[in-house]
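Q: I have a structure here, written as structure tokens, and I will follow up with some questions on it.
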Amino acid sequence: MLDIQLLRKDIDAVAQRLATRGFQLDVALFQALEAERKQLQTQTEDLQARRNSLSKQIGMLKGKGEDASGPMAEVAGIGDTLKASAQRLAEIQDQISDAMLSIPNLPHESVPTGKDETENVEVRRVGTPRTFDFEIKDHVDVGARLGLDFETATKVTGSRFAFLRGGVARMHRALVQLMVDTHTLEHGYTEMYVPYIVNAASMRGTGQLPKFEDDLFKVPRKVGGEDGQDAIENFYLIPTAEVPLTNVVRDAIVAAEKLPLRFVAHTPCFRSEAGSYGKDTRGMIRQHQFDKVEMVQVVPSEQSMDALEQMTGHAETILKKLELPFRTVVLCTGDMGFGSTKTYDIEVWIPAQNTYREISSCSSMGDFQARRMQARMRAGQGKPELVHTLNGSGLAVGRTLVAILENYQNADGSVTVPKALQPYMGGITRLEPEA
């Protein structure tokens, strides 16, 4: 959530910056709400002050044994007016808060201006795509003989799910181990095991609610109501471990000397992909359920941009170890996620598509999430300040498996196991087709 003072001081400047990311701020609505809020706040405070003054006057008159009926009548009249004014003020403040929750983050000054993904800027390219001397197969055809099974998953659940069996299941697990070991042993992250179901407050804290509710899997649950009747409370399957990991610091004040915090977790992720109908319908690129190793950092504001560069490098390390060609791009203003102030996407080479596809997204959220969560830090006896939060995929496990199946495929249908994975797979050097 943006600092409302930015809008109060120079709403036109904020609107211009938001327009670069394709968001049209309703300036007139905000100004109308603000004008009414100011008027109601002044009116409410004046009524409260008048009531307090009259109450003192009544006390003094009664203490002297004098008639206080006049001031008492005025207090009685003020009560109803004050109640109505305070109630309307609360309604307006709620409307402003709801409006603020729908406004995306401001792009960092270093982010290139652009309308969509075609205007993202490549910052580096690592590795050279392999030249094949046989016809390239995509991961669906390669995996079909190795234990990658979409047909059974469709029968058991539906489309956009997968069964992994035997060698590919083992490789999937090995990838998780490599990623988590690298981030904990080499990059200084603390491994976390987190809930896969979170409450609405957590989703609001990281920015998934209210804007992206249609993309989430909702889990309604009966809870005891205050009147003894069951009420329904909505919980949600996590779309990314960013949600539980970042919410660790919700409503908390962290001692400055404990920062930065670095967390990493391997979890399944669940997304309805409501806006992705018809995209990547074949294979594992876009699934309703997929595994991801997620990195989260909580840092002081002045370390935010350096931490983003560092985290992006941490994600790139995995691809370097696996010797997979990739490129890193900085997203332009029009392609950034809702809560991000700056994002790098890392894209891995997919031979069958003859292109690079996203395998990691690393973002600084600035204080956008922290303001929603009231996540703060305190140096010594100083005033609490909002922290900055960052998150990044390190990596998407299924897409990494896809990249290996395609980049390491052999003419006989086998797949060479990358050297970095072999210790995690008992020394196996190849996945051989099933008999």
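Cβ atoms here come from the backbone N, Cα and C positions, even for glycine.
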Q: Record says Thr240, Ala241, Glu242, Ser393 bind L-serine. Source is Swiss-Prot. Which of Glu186, Glu294, Glu302, Glu309 does it list for that same site?
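A: Answer per Swiss-Prot: Glu294.
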Q: Between Glu242 (L-serine binding site) and Ser361 (ATP binding site), what is the CA-CA distance rounded to a whole number of Å?
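A: Counting only the Cα atoms, the answer is 12 Å.
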Q: Rounded to an integer, what is the Cα-Cα distance in Å between Glu294 (L-serine binding site) and Arg271 (ATP binding site)?
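A: Computed Cα spacing between Glu294 (L-serine binding site) and Arg271 (ATP binding site) is 15 Å.
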Q: Are there any residues in the same chain, six or more apart in sequence, whose C-beta is under 8 angstroms from the C-beta of Ala241 (L-serine binding site), and if so which?
A: Met192, Val194, Ala265, His266, Thr267, Cys269, Lys292, Glu294, Val296
Q: Calculate the distance in Å between the alpha carbons (Cα) of Glu358 (ATP binding site) and Ser393 (L-serine binding site), and round it to a whole number.
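A: Just about 10 Å between their Cα atoms.
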